[in-house]
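As written in Swiss-Prot, here are the features:
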BINDING   His81, His124, His518  Cu cation 2 binding site
BINDING   His126, His460, His516  Cu cation 3 binding site
CARBOHYD  Asn107  N-linked glycosylation site
CARBOHYD  Asn113  N-linked glycosylation site
CARBOHYD  Asn271  N-linked glycosylation site
CARBOHYD  Asn369  N-linked glycosylation site
SIGNAL    1-21  signal peptide
Amino acid sequence: MASAAMLVPLVLVLCTAAASAAVVEHTFKVGGTKITQLCMNSVIYTANQQLPGPTIEVTEGDTLVVHAVNDSPYPLSLHWHGVYQLRSGWNDGANKITQCPIQPSGNFTYRFNITGQEGTLWWHAHSSLLRATIYGALIIKPRNGPSGYPFPEPYEEIPILLGEWWNRNVDDVENDGYLTGLGPQISDALTINGMPGDQNRCKGSAMYEVEVEYGKTCLLRIINAAVNVELFFKVAGHTFTVVAADASYTKPYATDVIVIAPGQTVDALMNTTASPGRYYMAAHVFDSKTVAVPFDQSTATGIVKYKGVPNYAPAAMPSLPPHDDVVTAGRFYWSLTGLARPSDPGVPTTVDHNMVVTFGLDQAPCAPNQTKCSGFALVAAMNRNSFQFPDQKVSLLEALYKGVPGVYSEDFPDFPPPMQGFRKATAVKKVKYNDVVEVVLQSEQYSSTLGTENHPIHLHGFDFYLLAQGLGRFNPSMKSKYNLVDPQVRNTVAVPAGGWAVIRFMANNPGMWFMHCHLDAHLPLGLAMVFEVLNGPAPNLLPPPPVDHPKCHG
């Protein structure tokens, strides 16, 4: 595995009081890292020679400063997944949306405040498939310490980052996917905290292990950092109580299996009251595609070992659900409810913008430079708009701030247009500050040969209320199913294959905010759109860009 941390975070306390806000400072050097995985030697790109990358811990109200140094050969940006970036949208890290990428040998300092959020988020590269190896946890502690948790204080907190591994350079994987027109090849393994475990053909593969004490309560901070797959996760002989999702508290939900889509996080309490021994934790793919397509069928494993138990003791393996178990997945996703805090204003009841956004995959003619393409290439769209990243030397946010014409159009449709095929466009939906937006997200079968699948839809810049979700087609009568009392609060929703989800949010954050599928195979195909949120009254204004903001190079 990669070496231990190169740098320890420097915490500069601004006030002498223990509970005062602080500046938490890190330096992330992104560069090549030699690693042996699955019996193969590879060079991958990581932050600070670590896989996963460094865990960031802050307290609510702190300011986070990350000096990003790009020693890789690839332009890149870093995204702080789920952080509101209230009036700090220049730091969101969405490539060509809120910033131009940091060029090789370049650097940029991300600086933003984290207020009004607690729980488990994460950070990752937002440039090509580089996020397969450039990612880490971002943990936000309550301002008043563990007593601020709305559940009993855990004895131990354990980050569990689930990922994917390729035996090839991931940039080559992505490029080949473009040349064939069919997207990237499936991964060679799944990982838990960067390690595949022992359930593969490579004898002696690295496996994550955590030691626990009997009779305690652990808080597992579970993150799906995988690039293209939803996952089932279990620990043999143990059950969970889910207490948060996407850094928003939930009412306690008891389960023996976690279902988690790319981009999502789940906080789950686990009591260590099983017979002392060794127990496998395991994860494998949840795949709900309606057309059979190959997927990674490996199982990632780790070990929960009770203190005092010898390392050679046999370990029990959990029974994971079948890969296509939509019943178990639906039960998990649809059973979670939100736990409102006193400061939560509740679900806004007046809606200014009602939208229906369909999305899916379609077929397009091969482009001239897709030299390995045969017959057709994949394309993706939202409301028949296949999103195109701007090719001018400016990000969308800079174009908004400086009034640069011709970079984007403000004509993203509120409803699916009556057309076949798709149009390629950099189209945004413009809303006023504090407008309330409701979006029906509908998984659509654009092509009879491609079918449908689950799509994790992630919204930058906001949390949203998840009012309802279901299978089949949404119709207005389903509004009676809306949960307006205690809905989940999310930043990423797993929209079922051929199904729907309804989200609602208040646009109280000026800027350009990306909404896209968090399956990285689909993002470059165009499964994305942008919300343009106008300035409000002072101080709710988009500030000027940082002086060292990266410049675009076309």
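Glycine too: its Cβ is placed from the backbone N, Cα and C atoms.
Taking the centre of the Cβ atoms of His126, His460, His516 as the Cu cation 3 site, the nearby residues of that chain (Cβ within 8 Å, site residues left out) are His79, Asp92, Ala94, Ile97, His458, Phe514, Met515, Leu523, Ala528. Of His81, Asn107, Asn113, Asn271, Asn369, all annotated as recorded positions, the residue with the shortest Cα distance to His460 (Cu cation 3 binding site) is His81. Within the set of recorded positions His81, Asn107, Asn113, the entry lying nearest in space to His516 (Cu cation 3 binding site) is His81 (CA atoms). For the recorded Cu cation 2 site, residues His81, His124, His518 set the reference point as the centre of their Cβ atoms, and the other residues of that chain within 8 Å of it by Cβ are His79, Trp122, His126, Arg131, Tyr135, Ala225, Pro262, Gly263, His458, Thr492. Ranking the recorded positions Asn107, Asn113, His126, Asn271, Asn369 by Cα distance from His518 (Cu cation 2 binding site) puts His126 first. Taking the C-alpha atom of His81 (Cu cation 2 binding site) as reference, the shortest distance to any of the recorded positions Asn113, His126, Asn369 belongs to His126.
Counting Cβ atoms from all protein chains shown, Asn271 (N-linked glycosylation site) has 16 others lying within 10 Å of its own Cβ.
In this structure the C-alpha atoms belonging to Asn369 (N-linked glycosylation site) and Asn107 (N-linked glycosylation site) are separated by 32 Å.
In this structure, the glycosylation sites Asn107, Asn113, Asn369 were compared by how many other Cβ atoms lie within 10 Å of their Cβ, and the smallest count belongs to Asn369.
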